[in-house]
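Have a look at the structure below, then the notes.
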Amino acid sequence: MCKGLAGLPASCLRSAKDMKHRLGFLLQKSDSCEHNSSHSKKDKVVVCQRVSQEEVKKWAESLENLINHECGLAAFKAFLKSEYSEENIDFWISCEEYKKIKSPSKLSPKAKKIYNEFISVQATKEVNLDSCTREETSRNMLEPTITCFDEAQKKIFNLMEKDSYRRFLKSRFYLDLANPSNCGSEKQKGAKSSVDCASLLPQCA
């Protein structure tokens, strides 16, 4: 017959209490981890969770409008990544970041990093530049200034504008945002003022 807890030795009771304490701690830790994980996922999509339909339509007016909007840039980058050709937009972004450098001492190392990654013969993400622009940019590396990539950046922008930007506007990456009602959601059919960018375009996160 079961004698209950009173019949158990003191050492067994202590072990049982220890086990209960450990299990309680692990369960509490698990709940905490799940909460933090859920919170992190929400944080990731808050950047471009909603974008107005008016703004999405502006993306079709010019490449400049598209890539100067945070979610627009993310959508375009995701599209280029799907085509394995994201080096152009990566170069453009790097040039924009480079032009924001305030300290003159940081210009040279950053310029060399961009040059080695996108322009040199052995570049890991070589962009498609004509020989004249490539040579001019190479000369600029002797004494890097804040404008040393301007010509190369302009050429790559024009290249994207004439080619990949036009394909992007015909792709699902843009069309699902421009016409959310096509996704089959009845709620979205009535919501003309804005669209849930995070649900239609996970790559924005």
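Cβ from N, Cα, C; glycine included.
Database features, via Swiss-Prot:
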LIPID     Cys2  S-palmitoyl cysteine
LIPID     Cys12  S-palmitoyl cysteine
DOMAIN    62-178  domain 'RGS'
LIPID     Cys95  S-palmitoyl cysteine
Cβ contacts of Cys95 (S-palmitoyl cysteine) (under 8 Å, same chain, 6 or more positions away): Ile114, Phe149, Asp150, Ala152, Gln153
The domain 'RGS' (62-178) - residue tally per DSSP class, helix then strand then coil: 81 helix, 0 strand, 36 coil
